[in-house]
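> Could you have a look at this structure, given as structure tokens, before my questions?
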Amino acid sequence: MPLSFAPYAPHRIFRSFRLLIGVGLCFTLLLVFRLGDQSDPGAPRFPPQQLPDFICPCNETKDDENYEPTAFASDEIFTESKALVLVESIYSRHSKIITQILNASKYPYKMEVFAKNLPLLTTLERGRFSTVIIESYHKYLNMPRWNRQILDKYCREYNATIVGILTSRPNDTFKRAKLKGSSLSIWQNQQATSFTFSPSSPIPYIARPSVLINNPAEEADWVLFEESVGYETVLEGETGHRRGAAVISDLGNDDGVRRILFGHNITSWVTRMAFLDSLRFATQGRFGFPLERWIQVDIDDIFVGAKGTRIVAEDVDALIEFQDWMRSEISNFTFMLGYSGSYFRNGNDDEDLGDEKLIENGAKFHWFCHMWRHNHAHDYNYTYLESVMSQNKQFAETMKLPVPFPYSISPQHAGVFPAHAPLYDAWKKVWNVSVTATEEYPHLRPPSDRRGFIHKGIKVLPRQTCGLYTHTQFFHTYPDGLAKLFANVYGGDLFSSVLLNPISIFMTHQQNFAHDRLALWVFRNLVKFLKCHTRLKLRWADPITSAERYFAMFPQEVTPVWSHPCVDPRHKTILPPAFNCSNITLPNILIVGPQKTGSSALGNFLSLHPDVSSNVPVSDSFEELQFFGGHHYGNGLEWYIDKFSPSQFVFEKSATYFDNALAPRQVAALIPNTKIIVILYDPALRAYSWFQHMLAHRDPAAVEAQNLDVVLDATVGPMKKLRSRCVSGGRYVHHIDRWLDFFPASQLLFIDGENFKERPPEIMNKLILDLAMPAFDYRTVLRFSPSKGYWCTLTQGKTKCLGKSKGRHYAPMSDVLRQKLNRIFHADNLALQKLLQKWHIPQPAWLRAALDAQ
């Protein structure tokens, strides 16, 4: 029988006498057998060493196939699916953990530092936030009274739950205290030795209730909540002489606000799992994923490795035996073996026999193509890649290897992202590849940010690492010691990967299945640990099915988000040689519109500055690039880069960006430091101008209506769509808030559209000052044209005005229509007023007039 191994707080493993004996025996064996370097190809191959397996402290570990999670009524949901996160600092360790969890769970959020003013909490129809996450509950308790009242009132009216973290105060000598403004009593600075999730609480979802969780760590910084009427225990903690709730649910009996309170930060795996379940409950089931977790394990480079490090025949037997065990836990589980045929039988005699045994048992695995000689795709053109892929395909056919799925992995993920078109084209031609995976998109770290995308018809899935690399062959040489390995499996990064990802494709190497066979121990104990402490249902599916499932779950990830390839050092190493990082020019100023606010004139005037350049015009999009969020985005990064020439200040103007839902994320990924210019023009006039624009272009709905008033009453069909286009651009805060999800307020510049129309030289002079440009007096290059009715440029004594589509003349708007539009925009104008007041930006005269009229 294997030794019992308690998995908790492995960095303090020797604090338990029982663990000391078990691990001590293991190290004794390792020292006896491992006095030399076993990677020496001439060294004898010693038997693989074993570590004790995890044993669940619960006598019964049911699969929970019949578990029915809490059902949530849709008529009780009054908010958008977005979290508000209030933190002390966006740079704190704790706020970063919260961010990583929300990013990994793909749940939208807005993070705000505790400040004098709260962000806008409501839209016209709904609450903006489904839950409020508070990093420091002490801060919440001591908020300015009016802010606290506003926040609590919002939570009551919109059924939003507060999830707060209450930590002990180390210098507080009063261990027992009353929670401010509550009937709840707490014990501070407690040393919790064990935990149990409550079977009577509706909150545990992933977490398996009633399983004892030992905690040999000595942190005496827990807060335990005393049982009280109106509160329910979620996670019970015990100190040896006291029991209390480590996580407690406030049912809202005192003040009508539901809260879930944590008595410790979420750095431990226990509280992190409780945090996930609490967010699911707080958001009425909108946070997180179903309990199914799909796990795929790839063994890359099955024939690649230095002599002395490779698989031998006995390792193949162990691999098959382990695969059978995994199938008893995960139905149909099958290893995916990636091969580079050129390295077959490239080891010592024993290792060559191992290669041959793999081929003999080839039908027991699923195989996929790597490259013939483990080639790095970014270094080669299409012709070469097609040739080496064809060689590898011929190897599989000769050896009768089953390659059942159009799936492939590029060695070192080269060419997948940043995307190298010849790789995608050769994959399609030789293997008809439809699915691949990479750990490099958008970046290797943090892993919580990894995403999928589709490029050239190939679905690219996010890939996960598992703490095993080509050099991890022995337990006794594991980087940073066994404590690191234990931590990885028992609640650490590997455990979290499965918790946070509905589909995990793990990368391993053949060396991990040789010598001590670390991969077998890692995945066996990961499965045991997951089944002991979670209700997760572990599944296996082929990569094609997984890809279909992934993009059905996350359709927003279909379009890749291009990032600057020369900023990430890892990406620079896998760029094609022809890609010159020293010769890339991208805009540092972006005029985003909205449309019909004077953005063309602004771009035209800005280009007069001698230190400013702009993009080459594109004819099929009204000379604008319309790259971000538009159809040109599919042309790829090089298409965009080619449109700019070097200059100190480079701007792009595309008025379609402002209200495009995809643009802010895409802009932030590629040019995160750019200045964003927004023109704030009277939304009623903007809507009227847009209708006249569509009428002049003979839009069928506009022609049929002939009057904007008719369009504003439309509820169906093309006329409703036209109404949306007239109104959407003027909902300023609605769209600004989306930009603020990706950019700090300091990077947004606002121009009063009315002032710009009336006094452009003055506004332009102020703008170049705000952009820190060299001085340039626009009074010398701008002139008002009485015949045109607007300002034009003056070059070498000649006046040049914008085309006939600009400054179009039409009948003025009626007072009745003006009042109707003011009513439509009233709530949005109020929100804009509050935003400008918060940032100490002068209010435009048109805004004051519109609000006064109501």
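Every residue gets a Cβ built from N, Cα and C, even glycine.
Annotations per TrEMBL:
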DOMAIN    79-281  domain 'Heparan sulfate-N-deacetylase N-terminal'
DOMAIN    292-495  domain 'Heparan sulphate-N-deacetylase deacetylase'
DOMAIN    587-826  domain 'Sulfotransferase'
ACT_SITE  LYS596  active site, for sulfotransferase activity
BINDING   SER689, TRP791, LYS806, GLY807, ARG808, HIS809, TYR810  3'-phosphoadenylyl sulfate binding site
DISULFID  CYS792-CYS801  disulfide bond
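Have a look at these and tell me how they're positioned relative to everything else.
Remark: LYS596 (active site, for sulfotransferase activity) has ALA655, TYR681, ARG686, SER689, TRP690, HIS693, GLY729 as non-local neighbours, by Cβ distance under 8 Å and separation of at least 6 in sequence.
Other C-beta atoms found within 10 angstroms of the C-beta of HIS809 (3'-phosphoadenylyl sulfate binding site) number 7, with every protein chain shown included.
If you draw a 10 Å sphere around the CB of CYS792 (disulfide bond), it holds 22 other CB atoms from the protein chains shown.
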> If you measure from the C-alpha of CYS801 (disulfide bond), which of the binding-site residues TRP791, HIS809, TYR810 fall inside 10 Å?
TRP791
> Between CYS792 (disulfide bond) and HIS809 (3'-phosphoadenylyl sulfate binding site), what C-alpha distance do you get in Å?
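Answer for this pair: 16 Å between alpha carbons.
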> Please report the number of other Cβ atoms within 10 Å of the Cβ of TYR810 (3'-phosphoadenylyl sulfate binding site).
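The answer is 12.
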> Compute the average pLDDT of the predicted model within the domain 'Heparan sulphate-N-deacetylase deacetylase' (292-495).
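Residues in the domain 'Heparan sulphate-N-deacetylase deacetylase' (292-495) carry a mean pLDDT of 96 in this prediction.
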> For TRP791 (3'-phosphoadenylyl sulfate binding site), which residues in the same chain are close in space, meaning a Cβ under 8 Å from its Cβ, but six or more apart along the sequence?
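In sequence order, the residues whose Cβ lies under 8 Å from that of TRP791 (3'-phosphoadenylyl sulfate binding site) (at least 6 apart) are ALA601, PRO760, PRO761, LEU782, ARG783, PHE784, SER785.
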